[in-house]
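Engineer: Can you read through this structure? Questions will come right after.
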Amino acid sequence: MNTATIWRSALAQLDITPIDDLTKTWLQDAHLTAIPQDEIESDDPDDPKQGLAFILQVPNDLASDVITTRWQYLLEDVLKEVIGLPVALMVQPAEYPEEDELQHTQPYAEREPQASPNGIPLHPRQQAQSQAPLAHQYYEPEPEPEAPSQTEFAYASPNTLDWESEQRANMLAHNKLNPRYTFDAFIVGNSNRLAHAASLAVAEAPGESYNPLFLYGGVGLGKTHLLHAIGHQGVQTGLAVLYVSSEQFTNEIVNAIRYRTQEEFRAKYRSVDILLVDDIQFIAGKESTEEEFFHTFNSLYEMSKQIVICSDRPPKAILSLEERLRSRFEWGLIADIQPPDLETRMAILRVKADLLHYQVPDEIIAYIAGRVQTNIRELEGCLNRLMAFQKLHRSELTMDVARAAISSLGTDTREPTLNSRQIAQVVADYYHISLEAMCGKQRDKYIVTPRQIAMYLIRQETSTSLLEIGQLFGGRDHSTVLHSCEKIDRTINVNQSLRREITAIREQLMRE
Ligand SMILES: Nc1ncnc2c1ncn2[C@@H]1O[C@H](COP(=O)(O)OP(=O)(O)OP(=O)(O)O)[C@@H](O)[C@H]1O
């Protein structure tokens, strides 16, 4: 069977999976290429090379991100069924050719991927650089974005301003978007990768990719930041963006009813191109607000205007929300944001410190990131307080000063980092197995998965080396630990229940 036949059979099977329509379109346009056996490297000593590896080239970066984070495992399973062997899949965006490259006729996808000197297949982009000329692509180049038409900007012209266009102009001028909340300033990690990719897609093609986009997650995890980032991009392309909290929406309705200005209220909300609504959970149970929001939603949706909604929980968990609204919230894409891991927290702190032109040694960044684990707003707060504390005491920034500054806040009196044994114990307790069994040699699935989770969490939450983690778990070597961590890292992106279990364990750890 050649790769084209394999992919056609896989596509036929994918038809009956829960993959969304947009991803299916990407997959229809994707191209599968085999990686030669001798280029496959396995870092799992327990798992000898016995499967096949493929590269799946997909139309663009977003497709690559979404397919890798949400569907890679499913695709590997489907391919495994088609060819009867385990499959490892690498998803990559395809490259668009330069104009002169289009003259070459060999389809890009028909060329075997080339290996880098260390045997790892090169990314198509690297191949393009390492070898000239690059062959013809199988994707049509995307058309240049068209310049906005006159009519789209008509509202900005002083001669044509009617009430509605005045509203739009007003929105452009007073959109209440925080200038700091941009995509550039948003740090992406496993905990927010999908929400970020979806937000970017919506910002690039409002009303076309995911409508509505529903983002949810705990306090201070970046929902508002992403809403504003979408808004900024919309404003830059001349669209009318309206950002409201559900509280503000409710107040406006109450006032509209009181002063009989419902018509104006409706005209305002129906003239936007992108409506961003924060904390939607607060409209639940408020009858006239829900009613008005329902009609606003329908009007915008019918006109293919983009709606982005944020909440602290998924639509299903917003009790007392009308069913017709709940089902509409589920029409598009729902993306969650989880608490960031240690690495992401450190990256966020580093960026925030740089923005403040504040030189903070790595060990202090790691210390703060170890103390504040769930709320990025609090993380930023710690940095600001540390700065203030240091200025006040006119002292040098040392670990002792950092400790004093943070403990004086009384926010967190825990030890700065959890120790590995403590984490292993919490995981063992969570899965009702003994610590000895988890650290031993047993290979039953009910032991292996918790063991891999424990290794993953220890690596995420402490600075314990792979070697030390291996020693804790019955003398396993570092490559086994690395393989386990990578496996969990990939699985949590596609397996909601594992993700929830790990969040619950993290919460338990924080209570320890
Ligand atoms: N991934 C990130 N990268 C950089 N900064 C972030 C990130 N996530 C959150 N922040 C910052 O953390 C702070 C809190 O984020 P934000 O207000 O967006 O949280 P939220 O999820 O909307 O919280 P709430 O539920 O309280 O409204 C902001 O200053 C934001 O810039």
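Note: Cβ is positioned from N, Cα and C throughout, glycine not excepted.
Fair warning: this is a prediction, and the values are worked out from it, not measured in the lab.
Taken from TrEMBL, the feature ATP binding site applies to GLY220, GLY222, LYS223, THR224. Marked as domain 'AAA+ ATPase' by TrEMBL: 209-335. Sequence annotations record features per position, and here TrEMBL assigns domain 'Chromosomal replication initiator DnaA C-terminal' to 419-488. Per TrEMBL, the feature region 'Domain I, interacts with DnaA modulators' maps to 1-101. The feature region 'Disordered' is assigned by TrEMBL to 98-152. Residues or ranges marked as region 'Domain IV, binds dsDNA' in TrEMBL: 391-512.
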Engineer: Please list, for the region 'Domain IV, binds dsDNA' (391-512), how many residues fall into helix, strand and coil according to DSSP.
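Structural biologist: Summed by class, the stretch gives 87 helix, 0 strand, 35 coil.
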Engineer: When a 10 Å sphere is centred on the Cβ of GLY222 (ATP binding site), how many other Cβ atoms does it contain?
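Structural biologist: The answer is 25 other Cβ atoms.
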Engineer: Look at each of the binding-site residues, LYS223, THR224, and point out the one with the fewest other Cβ atoms around it within 10 Å.
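Structural biologist: THR224, out of the binding-site residues LYS223, THR224, has the fewest neighbouring Cβ atoms within 10 Å.
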Engineer: When you measure from the Cβ of GLY220 (ATP binding site), which residues in the chain that are at least 6 apart have a Cβ under 8 Å away?
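Structural biologist: Expected: THR374, ASN375, ILE376, ARG377, GLU378.
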Engineer: Can you tell me the mean pLDDT for the domain 'AAA+ ATPase' (209-335)?
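Structural biologist: Average per-residue pLDDT within the domain 'AAA+ ATPase' (209-335): 92.
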